[in-house]
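Listed features, source TrEMBL:
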- 103-180: domain 'Cation-transporting P-type ATPase N-terminal' (DOMAIN)
- 163-180: transmembrane segment (TRANSMEM)
- 192-211: transmembrane segment (TRANSMEM)
- 347-367: transmembrane segment (TRANSMEM)
- 390-423: transmembrane segment (TRANSMEM)
- 821-841: transmembrane segment (TRANSMEM)
- 847-865: transmembrane segment (TRANSMEM)
- 958-976: transmembrane segment (TRANSMEM)
- 988-1008: transmembrane segment (TRANSMEM)
Amino acid sequence: MSKSTTLHAKLGSIELLLDVPSTGPGISKRKWHSVFITIYSSRAFLSLRPSTLAKHTNSTFISRTLSYSIVRVEPVSVPAINGFKADQKSLTELVKEKNFKELLELGGVEEVASALKTDAEHGINGDDAEDIACRHEAFGSNTYKKPLTQGFLHFVWEAFKDLTILILLGCAALSLGFGIKEHGLKEGWIDGGSICLAVILVISVSAISNYRQSRQFDKLSKVSNNLQIEAVRNGRRQVISIFEIVVGDVICLKIGDQVPADGLLLEGHSLSVDESSMTGESDHVEIRVTENPFLFSGTKIADGYGRMLVTLVGMNTNWGEMMSQISQDTSEKTPLQARLDKLTSSIGKVGLAVAFFVLVVMFVRYFTGNTEDENGNKEYNGSKTKSDDIINAVIGIVAAAVTIVVVAIPEGLPLAVTLTLAYSMKRMMVDNAMVRKLSACETMGSATTICTDKTGTLTMNQMKVTKFWLGKESVEEEAYSSISPYVLNLIQEGVSLNTTGSVYRPSLDSEIEISGSPTEKAILSWVVHGSKINMEEVVKSCSILHVEAFNSKKKQSGVLVKRKADNSIHVHRKGAAEMILAMCTSYYNASGIVKDMDYNEKMNFEQIIQGMAAGSLRCIAFAHKEVPAEEQVEGDQKVVLKEDGLTLLGLVGLKDPCRPGMRKAVEDCQYAGVNVKMITGDNVFTAKAIATECGILRPGQDMLEAVIEGVEFRNYTPEERMEKVEKISVMARSSPFDKLLMVQCLKQKGHVVAVTGDGTNDAPALKEADIGLSMGIQGTEVAKESSDIVIMDDNFASVATVLMWGRCVYNNIQKFIQFQLTVNVAALVINFVAAVSAGHVPLTAVQLLWVNLIMDTLGALALATEKPTRELMEKPPVGRTAPLITNIMWRNLLPQALYQITVLLILQFRGKAIFSVNDKVKDTLIFNTFVLCQVFNEFNARKLEKKNVFKGIQTNKFFMVIIAVTIVLQVVMVEVLKKFADTERLNWGQWGVCTGIAIISWPIGWLVKSIPVPEKPIFSYLKMKKNTHPRRTST
């Protein structure tokens, strides 16, 4: 870039910054404007001088005088982009490079806001669609390009890469080639083509299932990424989607929030940011208007609160660029999937062994001349046999063996887990639970303890001030006028200035709108409506010097303010009543007289607090102190708010009623063998009252052991904690560290722990727990990111629903394993016995692939989509190490498999004689009976323990549809696709026999469920025998 271009650009920037409206600028301002440009231009021209001299440094030529060019300096008009006096490039350089010097030269954050046509106080006009569109056009939207999602063909290719599928396709190709050569195209394609079509069908169904699951994850990802952000538009705080944010928006930030875009801090108090997601540095960065006002998308607010001006959005931010390159990982393996992979591998090895044995036996029988064709002739006659016939026979044998492997390997298990989890995630979303980590779905089914918050989870989080104590007197709302004006003014000042909420009134005729946390809204509403104050006037009468933001550890907040009327400085504190009371040495009575607070008086106030708490009220105290001149901090000294010698202004009691149905939800969990513990920051009396109301504490329970305070639990020795942790039902006045400590202790005791949390400081406990449950409404983004499941309505009843869904996932998987293993055992034994004795398998490759499709895919769809029932909550939690295949499952599947094997082997060896049919019809009868047995056995698999397998079947229409589809397709396979499936048509009588044999599986299932089984797993007895086997000892 040339010097003249640079100069032109700089002048343009200066003209932009010093832009003065054409109407009515003062003479002095215009002169200052002109002088500034002249001085800047002179310095810019002089900066060219060194480069001019540099050219002649080594030259003998000496100029008598320096030459100058006369340039007429005129204001450079900078073209406005869509009416904005700032462009994308300059904003990017300013913010991304943290160029504070340039920001000061521009005139500070306010000037940048002005250039973006933003009112720093009231934000942009959110109702002006044209303005929003202009901002989108000039600066882009707050979205990022996502990596291309994997298309359907990707999943087809993944399914195609399966080794057994490739071998089958190889066999099909050879069979196709030799078949056409021997029998011509008209007849020769049938065997090989049938296998090809069957394989394509299996691949297609598998690819469609995986593709749909991928789309499901994408949808859930969109929901989880759609954060709700608080923005100021038209002077009103309103919640908007993160994707609706535009450059120029004013965003409100508080502890735990994710910064939604790049920008500059307009105002903030004690604001520090965790930038580890961007920089990898764990240390928090302080953000100040006077030093470092730069905020970056994707970072988290670690402390404090403030308001920011959005300058960069979407792909123009580093976070957007990074997120556009990260694809959603849908290949996460859950613990259950890992266990199933091992089970699949074990069954697969057995299948391979059987298939190999069958292969060897069939080869031996063929080459020793012990096999015959359809006409009763030997298939192999040594050198007389054509090479094409030998190759065709070998291909048929290999295809049969490979198909046995296909059936033996339960590929449907991983698919069943995937389908169950995807279906459960979708249904849980309807039930107000958004799953962030797949493993949580199944782990929740094993939960033995739930540690829950009180506020908003057990209660409605709709707070209202119902009690107010001034001094030692309870003051009703109608008596507020009798309170000393001085004390009332102090209370109003403390509430209005020491808050993260806001009050907005569009006009005198409109309703007052209050925003903030439920506690802040309740207190603001009490002051605004109760004492009829004009909060805006109170705020304008003081300037805030320093803020100590509220967090769950301190349980209080403080503010240092300076009154503009007399320049006096005051400290206001608000927080948990006991905490504030401990800082006070005096109190105001209703007349405004300050009275000393000795030990007895303090005990009186503690009794007042306990009385309110026993009535399920949350107690908040207000205190005040005027800072004497000699104690005032000057210059750059660190401000520390007074924590002693305060004067108590008053106490308020906030009522937060329990959610309807909460007691039943807690009782349901307890009935299911899950212990519910309440961990709250409220005092012990409030905690005890709410816990009793919800059913966590029961009448007659030992309160000394069941109810504890966080500090007491913290101070126990490790041994004492481990001894008492299971007996604790309520922990009051707890810190996030106490919650973490309890989770660690419970896990050490062998519990599977679920924890609810909503604050930033809850993140360690949420991560430590087996299942972290964050709150969707009150939860901070930090808490949500640390959790496994987000409870969208903050309701404990939804936690109980998640527990039920977790058990449902596990139960559905067990149903499918039982169904699949029955088919596996029967298919392997039948093919093995038939191959060894008769020299050929009764079920062809195409038929076995069809059975594989029925049990792997359609069976998984039918059984994986069963909804949770109340029966699931009647059982104790499933342990971490409990076997997947229980004694009950073995009891159910072995008799069914034995029945199928017996019937089908009778058909194999005596079928021709019994029904007076040929081999082709006999094999069709075997195939048809085998498939129908699986269809009827699917009903048995619906209930592992209950005899009535039809109960609730009308609620699962999907199950009935799949059964109907399977039967229809089977009829088509037998009656229509004769050549494809290598079958013969059956008459009505033969169909009746097949159906009659298959339907007997129902009474068998009913009878075997009467057989009692030991609770201890069968294989544990084998382990015991191994362990108790006497060992030789050396002497």
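A Cβ is built for glycine as well, from the same backbone N, Cα and C atoms used for every other residue.
For the domain 'Cation-transporting P-type ATPase N-terminal' (103-180), the predicted model reports an average pLDDT of 82. Two recorded stretches are said to be in contact when at least 3 C-beta pairs lie under 8 angstroms, sequence spacing 6 or more; the transmembrane segment (192-211) and the transmembrane segment (821-841) fall short of this definition. Long-range Cβ contacts of the transmembrane segment (988-1008) within its own chain (Cβ-Cβ under 8 Å, at least 6 residues beyond either end) map to 891-892, 895-896, 899-900, 903, 915, 921, 925, 928-929, 932-933, 935-937, 939-940, 947, 949. Secondary structure of the domain 'Cation-transporting P-type ATPase N-terminal' (103-180) per DSSP, as helix, strand and coil residue counts: 49 helix, 3 strand, 26 coil.
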